Amino acid sequence: MLGPAVLGLSLWALLHPGTGAPLCLSQQLRMKGDYVLGGLFPLGEAEEAGLRSRTRPSSPVCTRFSSNGLLWALAMKMAVEEINNKSDLLPGLRLGYDLFDTCSEPVVAMKPSLMFLAKAGSRDIAAYCNYTQYQPRVLAVIGPHSSELAMVTGKFFSFFLMPQVSYGASMELLSARETFPSFFRTVPSDRVQLTAAAELLQEFGWNWVAALGSDDEYGRQGLSIFSALAAARGICIAHEGLVPLPRADDSRLGKVQDVLHQVNQSSVQVVLLFASVHAAHALFNYSISSRLSPKVWVASEAWLTSDLVMGLPGMAQMGTVLGFLQRGAQLHEFPQYVKTHLALATDPAFCSALGEREQGLEEDVVGQRCPQCDCITLQNVSAGLNHHQTFSVYAAVYSVAQALHNTLQCNASGCPAQDPVKPWQLLENMYNLTFHVGGLPLRFDSSGNVDMEYDLKLWVWQGSVPRLHDVGRFNGSLRTERLKIRWHTSDNQKPVSRCSRQCQEGQVRRVKGFHSCCYDCVDCEAGSYRQNPDDIACTFCGQDEWSPERSTRCFRRRSRFLAWGEPAVLLLLLLLSLALGLVLAALGLFVHHRDSPLVQASGGPLACFGLVCLGLVCLSVLLFPGQPSPARCLAQQPLSHLPLTGCLSTLFLQAAEIFVESELPLSWADRLSGCLRGPWAWLVVLLAMLVEVALCTWYLVAFPPEVVTDWHMLPTEALVHCRTRSWVSFGLAHATNATLAFLCFLGTFLVRSQPGCYNRARGLTFAMLAYFITWVSFVPLLANVQVVLRPAVQMGALLLCVLGILAAFHLPRCYLLMRQPGLNTPEFFLGGGPGDAQGQNDGNTGNQGKHE
């Protein structure tokens, strides 16, 4: 604890700053303790010329000052002092620290690393077969900041299994436990940061980007990881290049020019720059001078907060800068801590007392730690007081303290006395360590990484230096606040960076060239659809589905058949009503006048049977509309053909009788006429119907019609219909009827009618003509009409056939019965003279009269 006098001096120094006297900050970078922690911080930067001209293994001179490095060192100092003042973490023990400057150069970081590994109380690193009992000067190391340095120092510390906790090295390679078994860090690895960057590109629809990295291990590995992440998300890298690290001469300027030329050639509007600070500075320095068009820059954490890059003149013209910074707990007391220690560093009495207390730390070996730190003021470091990585340093110290607490098995009363803890013993308790810092729970995973959230930062220019504004967050998934983002475009519209335009709904990509992001948009045809926006081929609908052109989904097909409510069916039902009404009317008249010469000349009971059959033909039409079923399909043809056969067989008997009476000799006519009337006539009808039954049975057994669903006939519907399996068998089912009609026509076409008598042959001739015209027209019409309308065609053919027979044969007789009853005489219909009334019952007399 600081004494009252010191506190008073510090208060006086804060009230009277800027005396111009040198500070003693460099003497505050070391403190003794029971266990000492080493620290590697970029307190300064070495001159490039000095590094290139180095010919002897001497230490380079670090002349330039790094304010962030000093603040991070003070954060470690504050954390150690807090732990020493607490009674719950390491009671009774005191931590010390030994902080060194790395100059951000591996060659400079080597010397303090060797010093840390020297045996406690000496300057030497002795060679042993077994280092299990080896006690180095420090128990663990905090740092370094950069991955480049951690790659070098990590090999040293890993050999001795000395825990090393970096507060800024984020390279994924450092997670390899085989190579770096003692490496830990309080920042997420680059993979997490690059995953967030890839999610950002995907969020804004940027799939045509350039990816640049610094020409070092950090940049090369970052580009390798990003390439894999981008490919998995459908992001195309138009150009991938390395930015050379700057040197004192201009030998690498041409390479920077080539990189920028390639970026311009690729016409990208978004560039991922995963580079170190110096590489980013060199790239932007040349970009500004060459007037590179503004772009969206996705920054790596390494240069996003760099004053060196932010302060470049003209940097505001480079476009929009977005990047991710890790989120940690706020260290509210840290700014006051820095102010207090800067004030103490101006007090000669405090500095003198500090020098006496810290003697014996071998200054002659390490030299003055940070001479440039003794010439600063609060204004030099005020900009970085709230730097995001300050918390990482603070957390790194607490992680080591918690591991030491676990190793020593400390409790509220103290830590049990035991031999000094070796680094490898501490390391065993570092794995999967859980600790709390500032109320935030942290845990090292098996690779030594911590899981921390990222804030999405945007550069917002206020004057000559930008400020970082939060515009989103990443904790495994990205959330952005788009309304807060100010784009560099004139209308503040989000820039577009795509090789090809976004395909419209129902279009898929046809890739051209080598990049999957460069493509033509092709419409999906009917019957296919685009399932996902990134599809390169249309997905076909299932057979029970359909889709229009340029569709994004399929629709269920509805069943299509000849429904009852369709206009064609309604029209046919009207025709059915007409035909059935005429049949019933004719049947009623014939039954009522069944004993009249007209009805007897028309066949008597056979004529009534024929009309009943015509009525059944009309009713069979009702089997065709409606949803098809197996029973309907099987019944349609037999139930329409058999009644028609019965009707045609009665007409055939009429035609045969007329032919016999008119064309054959009288002796033959007398014998045959008896066979064409009475029981023998019914036998002919039965025989004809049995033949039709046989044909229909063969048709149903050999080639039964079946209900089928055709998914391809109609574009949007599933056609359900009765499929005829054999058109030959279908035609043979009509053979009996066609034969009867043909014989009727032949028997009546050339018959001479008797003058003064009713011409019975003419009605039969025209009835058969109507039959043939109907069914001959039916064949080509059925072959060319849509399948769904085929039942309607057959319905129409049946009804027209019935109407034709009625109109030609039955209706004229009905007219005579109703309008000219005086002609309903035996003489007019049977051919006898006016006084020969008995001739109607005498077959021979009747036949003689006809021939006369």
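The count begins at 1 with the first shown residue.
For all residues, glycine too, the Cβ spot is worked out from N, Cα and C.
Going by Swiss-Prot, these are the annotated features:
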SIGNAL    1-20  signal peptide
TOPO_DOM  21-570  topological domain 'Extracellular'
CARBOHYD  ASN85  N-linked glycosylation site
CARBOHYD  ASN130  N-linked glycosylation site
CARBOHYD  ASN264  N-linked glycosylation site
CARBOHYD  ASN285  N-linked glycosylation site
CARBOHYD  ASN380  N-linked glycosylation site
CARBOHYD  ASN411  N-linked glycosylation site
CARBOHYD  ASN432  N-linked glycosylation site
CARBOHYD  ASN475  N-linked glycosylation site
REGION    536-545  region 'Required for brazzein responsiveness'
TRANSMEM  571-591  transmembrane segment
TOPO_DOM  592-603  topological domain 'Cytoplasmic'
TRANSMEM  604-624  transmembrane segment
TOPO_DOM  625-639  topological domain 'Extracellular'
TRANSMEM  640-660  transmembrane segment
TOPO_DOM  661-682  topological domain 'Cytoplasmic'
TRANSMEM  683-703  transmembrane segment
TOPO_DOM  704-729  topological domain 'Extracellular'
TRANSMEM  730-750  transmembrane segment
TOPO_DOM  751-762  topological domain 'Cytoplasmic'
TRANSMEM  763-783  transmembrane segment
TOPO_DOM  784-789  topological domain 'Extracellular'
TRANSMEM  790-810  transmembrane segment
TOPO_DOM  811-852  topological domain 'Cytoplasmic'
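Cβ atoms under 8 Å from those of the transmembrane segment (730-750) belong to residues 637-638, 641, 644-645, 648-649, 651-652, 654-656, 658-659, 688, 691-692, 695-696, 698-699, 724, 761-762, 764-765, 767-769, 771-772, 775 of the same chain, restricted to positions at least 6 beyond its ends. If you compare Cα positions, ASN411 (N-linked glycosylation site) sits closest to ASN432 out of the glycosylation sites ASN130, ASN285, ASN380, ASN432, ASN475.
Across the glycosylation sites listed here (ASN264, ASN285, ASN380), the residue whose Cβ sits among the most other Cβ atoms within 10 Å is ASN285.
Three or more CB pairs closer than 8 A are found between the transmembrane segment (790-810) and the transmembrane segment (640-660), so contact between the two stretches is assigned (pairs 6 or more residues apart). As a quick check, the transmembrane segment (763-783) and the transmembrane segment (640-660) clear the bar of 3 or more Cβ pairs under 8 A, pairs 6 or more apart, so the two touch. Same-chain residues lying 6+ beyond the ends of the topological domain 'Extracellular' (704-729) with a Cβ under 8 Å from its Cβ atoms: 526, 543-544, 546, 555, 557-561, 627-630, 632-634, 636-637, 698, 787-788, 790-791. Comparing CA positions across the glycosylation sites ASN130, ASN264, ASN380, the one lying closest to ASN85 (N-linked glycosylation site) turns out to be ASN380. Around the Cβ of ASN432 (N-linked glycosylation site), the number of neighbouring Cβ atoms within 10 Å comes to 10. Sequence-distant neighbours of the transmembrane segment (640-660) (same chain, 6+ residues past either end, Cβ-Cβ under 8 Å): 602-603, 606-607, 609-617, 620-621, 623, 668-669, 672-673, 676-677, 681, 684-685, 688-689, 691-693, 696, 733-734, 736-737, 740-741, 743-745, 747-748, 751, 760-761, 764, 767-768, 771, 794, 798, 801, 805, 809. The DSSP breakdown of the topological domain 'Extracellular' (784-789), given as helix, strand and coil counts, is 4 helix, 0 strand, 2 coil.
Rounded to the nearest whole angstrom, the C-alpha distance between ASN285 (N-linked glycosylation site) and ASN432 (N-linked glycosylation site) is 43.
Distant neighbours of the topological domain 'Extracellular' (784-789): 560-562, 568, 710, 713-714, 719, 721; these residues of the same chain sit at least 6 beyond its ends, with a Cβ under 8 Å from one of its Cβ atoms. On the 0 to 100 pLDDT scale, the topological domain 'Cytoplasmic' (661-682) averages 67 in the predicted structure.
Here the CA atom of ASN432 (N-linked glycosylation site) lies 20 Å from the CA atom of ASN475 (N-linked glycosylation site).
Geometry remark: ASN432 (N-linked glycosylation site) versus ASN264 (N-linked glycosylation site), CA distance 47 Å. When DSSP labels each residue, the topological domain 'Cytoplasmic' (592-603) comes out as 6 helix, 0 strand, 6 coil, counted as helix, strand and coil in that order. Most other Cβ atoms within 10 A: among the glycosylation sites ASN85, ASN130, ASN475, that distinction falls to ASN475. Same-chain residues lying 6+ beyond the ends of the transmembrane segment (604-624) with a Cβ under 8 Å from its Cβ atoms: 562, 572, 576, 579-580, 583-584, 586-587, 590-591, 594, 632, 635-636, 639-640, 643-647, 650-651, 653-654, 681-682, 685, 791-792, 794-795, 798-799, 801-802, 805-806, 810.
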